[in-house]
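Taking it in order: structure first as structure tokens, then the write-up.
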């Protein structure tokens, strides 16, 4: 059955969307991305040190700034649009911004958390900071590009900013930060309106800078991720039949409902904007619930990690090594078949899972420039 897209082009698992044919009705000369580790292509690595091996091993052959064994959804989006992979704004080495820039960094929240990376594990590059980075990039890039030469080939053309696709995948860390701070799910729920308000303000600010095409992912089922499940003891009654923590998934759904409603309102106020709300929650949840039916061997267990029910240990992360009998060996080692795993390291999805998600949402890219 053909999918029926709402005025927001909301994409869900219930729509039987076929994989991308790479034939797009929309032409985007650039992508500007904002978010967290779900779409970070090297921002946090540039700021605080490279994510080491075995990250990147399934595709790049070496670490590539991504907390994944290979490509992220944003990489597949770039590929499908015929664009190069996005360089991280924070990465000064080997970057090319002619077709956009990536302002996402792992651990980034929408709201500033007023803590350091070492204190909380969350990035200081919140969404408002990412917007300031974009604002400065937008203005300075054209000044520098006017010098000609190599600058002209490494920076976007001025009209790329109004024709670009602006992508967002952020919000997960705002929810988990509250939970990790010993707040109840109910307490975190009361913060959702303010979180969404700040999210919408960022979009309005980008619109004010000429952005017109927005592609917004909702947040995933955090109650199915080992780093959240293992953080605190949960009552048996909190788990659903698939092993996920129901109250936390409900929290994510509450966030998504508020986000969708805010986008509906925003479309009426930003008359020239085309805003696509993308339901990745349903797709990710489908992978956790019916992993084997989609060619995966497991769902909750991490591919890369160490010990425990979920092959996850906060103190022994993916890629961690130690000296054994004079030799350096992996303790947080990867599984033999990452292409059969849903979760890479207890926090992030594998390249195979990202490809599954992308294939389902890809048809919406051909409509992401359409206003209704």
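Here the Cβ of each residue, glycine as well, is placed from N, Cα and C on the backbone.
Taken verbatim from Swiss-Prot:
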ACT_SITE  37  active site, nucleophile
ACT_SITE  345  active site
ACT_SITE  348  active site
CARBOHYD  96  N-linked glycosylation site
CARBOHYD  114  N-linked glycosylation site
CARBOHYD  139  N-linked glycosylation site
CARBOHYD  182  N-linked glycosylation site
SIGNAL    1-23  signal peptide
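This view paints the features noted in Swiss-Prot onto the structure.
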residue	record	Cβ within 10 Å
37	active site, nucleophile	24
96	N-linked glycosylation site	14
139	N-linked glycosylation site	11
182	N-linked glycosylation site	8
345	active site	28
348	active site	25
Using C-alpha atoms only, work out the spacing between residue 182 (N-linked glycosylation site) and the residue listed as 'active site, nucleophile' and round it to an integer in Å. 23
Could you check which of the recorded positions 37, 96, 139 is the closest Cα neighbour of residue 345 (active site)? 37
Distance from residue 139 (N-linked glycosylation site) back to residue 37 (active site, nucleophile), taken between C-alpha atoms, in Å: 26
